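K.L.:
One structure is given below, represented as C-alpha cells, and several questions about it will come after.
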C-alpha cells in the first residue's frame, strides 16, 4: 500500500542536503508562525503603539529619525519632568531606537518608503522570528538530536511567556532584548566549547548590544560568572574557560561602559562585582594551572591551597572594605527587592507600585508556559545525565531563572528561553525513542556477546544481573500510544498559546474593546479622544499634571509637557504630584501654581467598570507622598475606622476632601437619577451630593468618562481665595439658606 | 575533567589520615606519628617553609628550560603590560582618578591586552593542543589581532 511512498519519504530525508533544506524550510515556517501569532493586535485593533513605555520609545525613535544620531545622543528633553527636564539621551537604553532607526534608513536607502510607526509596531514580531532561530542554535549546542533545536525554536516562537512582551505594537526594550539574551548565551556556549577568542569577542559585542538595549543585561552579567564559578567548583577549570571568559569580560565590560546610562556602573556597583571577581579568580587559576604543569604535584597542592585561599580571602576583604567605605555603591533597591519580596513595599513604594514588579502568582507559570513547565524539570534532568560544560549552563540558568521568575512577574521573560530549550530536549528525547520505526533486535546483542568470548558467556549464564539488558521499546502499540499522546499534547499547547495570545496579550490598553450584547465588538477609545482634545485645545506648552503612569502617553500622543512620567527617576517629584493629588484643594493649589500646572488629568473608570483607574491606584500616590511628607499625608486617614478603603458615603473626610476624589466624582451623580449614582468598579452607591471643586474647572470629560481633564483656575481677580470666590458665585442660595435659618431661630426666640 | 581525576588518583595510595596533611614526600610519616591535629598543622607548616624555595626553584628551572623563545617574547610583553597597568593604578591611587574615563580606558586597555595575550599564549602552547582542536596557532593569532582591534576601538572611544 503506502509503503512505497513511505520509502520515498524516508529516502528523501536521508540526504544531508535535503535535511538542511527541510530544516531551513521548517525554521522559516516557525519564524512565520511566530510573527503571525503576534499580529492579533494589529488585526483586531490597528497598527498602534501599545501601553505606556512603548510610547516613550516611539517618541524617542521619532526624535532620532528626525534629528539624527548626535542630536539624539545629547538630547535634553524639557517637555518632561517640568520644570526639571530630563537628560534623555543619557538616561535611556538606546539600542531599541537605534535598531529601528537603522532599519528605517536601510529601507529608505532601498527606496521602500515606510512610516517609522510601522517599523516600531512590527519590530517585536520580526525579532521574535530571530529569537526562535537563536533558540534553535542554542539547543543544537546542547544535544546531538537534530529535532530538539527545531522544537525549541517552535516553542520559543509561540510561548506566551515571551509573546506577552512582544506582540505587534509592544515596542519595548524587551522586544529585541530577548533575542539578544538568547543569542549572547549561544555565543557564550560556542566560545566556551571551542575556547575561541573570536567567539568570545562576538559574545562580548552582542553583550554590549544587549546592554544598550535593556536594563535586564544584569542577568547576563550575573549568569555567566555564575556558570564559570560552578564549573570551577566542579573542578572543570580549563584553558578554554579562561580564554572565553576573560575575552568576554574584558571586551564586554568596555563595550557596556560606552552606553552613557551605564557609564561607570560596571566598576562601581555590586551587581557587577561577581563578574569582576570571577575574572580575577580565573587569572589566579590560570597561573596556578601553569604552575601545576611546572612542578611536582605534591608541592603543587601546598602551593594551591595557600595561594588560592589567601587570595580569595584578600579579595573578599577588599570588596567588603570598598563597599563599606563607599567606593563601590551598595546594592540598589531594585536588587534588594529581588531577594526580599517584602523589601520594596516597606522601603521603596515607587518600585513596589509597579504591577510588573510584583511576585509571580503560581497560575501565571502555567498560563505563560503551559505544558512546558512540567517538561522543564525533565529537560533539566536530561542535562544532568550528560553534564558537559554546556549542560551545566542550562542547569544553572534554570535555577537562577526560576528563582527570579518567582520573585518578579516581569522576569518570567528571562525564564522562558531556558524552559523552551529544556522542554525541547525532553520532548525530542521522548520522540526519538518512541518514533524509531525499527524494533530493537535482541538477537543482535546476543550474537555480539557470543563473539566476545566463551568466558563471558559462562559468567552471564550464572548471574543474570551482570548482563546489560537490551534497552528499547519493542511493542508498536506502546510506541504509537506515546507518540499519539505527545502529538496531542503538542497540539493542545499550540491551542493554548493561540488562545492566550489572542485573549490576554493582544490588547493595546490604549484602545479598549468590549462586547455588546449582540456579540459585536465595541471599541472604547477614550484615551485617544482625550489626548487628541489636549493636542487641539490647549497651548503648545500647557503643562499637564497626571499620575506618572500616563506621562509617556501624554508626551507621545498629546505632545504636551508633563510633570512626571514613567521614567520615575525623581521620587520627590513624583511624591509632589502624589501630595497634590491626595491633599485638600487649599494645599494642592499652591503646589500646582508653583509647578505652573495648566491642566490636571485623571483616569476614572467608575462609569464603565474600568478597574485600572486612579482611585484604585490612589493608595500608591498616598504612600509615595507619605514617604516624603509623613506629617502632611497619612495613609491611615484614607481608611475608615474599620480599616476599609471606601469611596461611598462612609469615606473618611480626608478621602472626600482629597483632590483626586473630587476630580474623579465631580458632577458624577448628575448622570444618574437621584440616589442611584453608582461606581461600577468599586461596586458602591455614591452619596447624592457630589464634591465641589473650587480651584479647578472641568475642561473635558471623555465619552465614557475614563479621562477627565480639569483646568487650573487663575488667581482670583479680587484677591480672594478660591473657596470664598466660589462661595460668592454660588452665593445667593447659600446666603438665603443662612438667612432663613437665622430668621427662623429669631422667630422661635 | 582531566584535572578532576588526577588529584584523587595521586592521593589514594596514602592512608586517609595521611592524605589530609600530605604536603611533601616526607609528610605521611610525620603525620602518622603525631595524631594531634594542631601538631600536624605545625609540622606541615614547617615543611612548607622548607619547600617554598624548592617550589620557586623548580618553577624557574622549568620556565627557563622548556619555554620556546617565541613564548618568552609573549611573556615579556605580558610583563610589560603588568608594569604599565600597575603604574596607572598607582597613579590613580596617589594622584586621584580625576579623568576617570581616561584612567578606566587606559587601565582596561592594559588588562584587556594582558588577557588577550595570555589567551594567545595558552592557545599557541603545544601542551594545550588537545584543549583547542579547532584553533590552530595561525587562527589564534588572527583572533588575537581581531580582538585587540575591538578592544582598542572601545578604549579610544571611551577615553574622552
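For all residues, glycine too, the Cβ spot is worked out from N, Cα and C.
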K.L.:
Given the ranges A:91-107, A:193-209, A:346-362, which one is assigned the annotation transmembrane segment in TrEMBL?
P.N.:
A:91-107
K.L.:
Taking A:21-43, A:44-66 as the choices, which stretch does TrEMBL tie to transmembrane segment?
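P.N.:
Comparing A:21-43, A:44-66 with TrEMBL, transmembrane segment matches A:21-43.
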K.L.:
With pairs fewer than 6 apart in sequence excluded, do the transmembrane segment (A:145-163) and the transmembrane segment (A:246-267) have three or more C-beta pairs that lie under 8 Å?
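P.N.:
Not in contact, no.
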K.L.:
What counts of helix, strand and coil residues does DSSP assign across the domain 'STT3/PglB/AglB core' (A:543-593)?
P.N.:
32 helix, 4 strand, 15 coil
K.L.:
Do any residues, 6 or more residues outside the transmembrane segment (A:91-107), come within under 8 Å Cβ-to-Cβ of it, and if so which ones?
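P.N.:
Sequence-distant neighbours of the transmembrane segment (A:91-107): 57, 60-61, 64-65, 69, 72-73, 113-114, 116, 119-120, 123, 171-173, 175-177, 180, 209-215, 259-261, 567, 569.
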